[in-house]
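Enquirer: Submitted below is the structure of interest, expressed as structure tokens.
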Amino acid sequence: MESIFHEKQEGSLCAQHCLNNLLQGEYFSPVELSSIAHQLDEEERLRMAEGGVTSEDYRTFLQQPSGNMDDSGFFSIQVISNALKVWGLELILFNSPEYQRLRIDPINERSFICNYKEHWFTVRKLGKQWFNLNSLLTGPELISDTYLALFLAQLQQEGYSIFVVKGDLPDCEADQLLQMIKVQQMHRPKLIGEELAHLKEQSALKADLERVLEAADGPGMFDDDEDDLQRALAMSRQEIDMEDEEADLRRAIQLSMQGSSRGMCEDSPQTSSTDLSSEELRKRREAYFEKQQHQQQEADRPGYLSYPCERPTTSSGGLRSNQAGNAMSEEDVLRATVTVSLETAKDSLKAERKK
């Protein structure tokens, strides 16, 4: 395979690659093919001028671009045909009635030139084997004798024009070498664009793998994962503790409410204190604790006797009413205090969960 000359695609110079792959050497350059195209353009201009240089057809012809070449590097079949005439070679359309009447088996030919739209490539026999020398491939593609006819038929189905190259091709090293040996191809060549895409994909995968390995070898990778896990566990435990505290607080509220309800039913109707402000609750708590402290100090004084006769004389009904009022006030203070504590705990829990 190394001895086979194979030019790969550059720009749109497929006609040049086709000719050089056919002749197995750097026989033509873009400049030489452009010169042939200009000669053809001049010959066409002279033929059009025969009808008169002032005619409408002639002026229209001059305004049109060349049909034999363009700026991209494309060359017409006329350019390729004239270039081959230099070497005594001739092109015949493969599916023309004239050639089909000859009933020649394709494997008995020496080479073909295939064209689809603006792309040209060569299929040539080197030694005793056929090769697809398409410049869009990464290398020559081996074609068996049995597959050659199917390959050409497939190209025709795809819209290709196929030309048979008639004449004696120049001698080349690959043809002489392959007359003595046969080559085997384990892997078929890929299209150049496909190969580039495959190489880019492999390069990207390799780069990703290297980044993963570098990250895995780094000391901070697993430490970061462990820190994240510990933070998640701590937040989970904190939420559970807050839920437990909320449940305990609700049970305390319920018990307090039950005790307050029983005391109220025995003495007087229940009065609501949930509408009290925080400042009023604070003042009531201070008054309650000052009263308790004052009573304790009085009880600790020497000679202090706690007899009912020393208290102001009131009726038994008035005494019960006063005691019930004091009891209600204390119970209301306790219940309101617990309610405020519960609301504060709920607000703290919501703020923590938002974080």
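Just so it is clear, glycine is given a Cβ too, placed from its N, Cα and C backbone atoms.
Positions annotated as active site, nucleophile by Swiss-Prot, on the basis of similarity to another entry: CYS14. If you look up Swiss-Prot, you'll see HIS119 marked as active site, proton acceptor, on the strength of sequence analysis. Residues or ranges marked as active site in Swiss-Prot (evidence: sequence analysis): ASN134. Residues or ranges marked as compositional bias 'Basic and acidic residues' in Swiss-Prot: 279-301. The annotation compositional bias 'Polar residues' is assigned in Swiss-Prot to 312-326. Look at Swiss-Prot and you will find 1-180 tagged as domain 'Josephin'. Residues annotated as domain 'UIM 2' in Swiss-Prot, with sequence analysis given as evidence: 244-263. Sequence annotations record features per position, and here Swiss-Prot assigns domain 'UIM 3' to 329-348 based on sequence analysis. Per Swiss-Prot, phosphoserine is recorded for SER268, SER272, SER273, SER321, and the stated evidence type is similarity to another entry.
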Enquirer: So which of the active-site residues is most packed in, judged by how many other Cβ atoms lie within 10 Å of its Cβ, out of CYS14, HIS119, ASN134?
Expert: ASN134
Enquirer: Could you state the whole-number distance in Å separating the C-alpha atoms of ASN134 (active site) and CYS14 (active site, nucleophile)?
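Expert: Distance between the two Cα atoms comes out at 9 Å.
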Enquirer: Could you please provide the mean pLDDT value for the domain 'Josephin' (1-180)?
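Expert: Taking every residue in the domain 'Josephin' (1-180) and averaging pLDDT yields 92.
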Enquirer: Could you round the CA separation between the residue listed as 'active site, nucleophile' and HIS119 (active site, proton acceptor) to a whole angstrom and send it over?
Expert: 6
Enquirer: Could you say whether, by DSSP, HIS119 (active site, proton acceptor) belongs to a helix, a strand or a coil region?
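Expert: Reduced to three states, the DSSP call for HIS119 (active site, proton acceptor) is strand.
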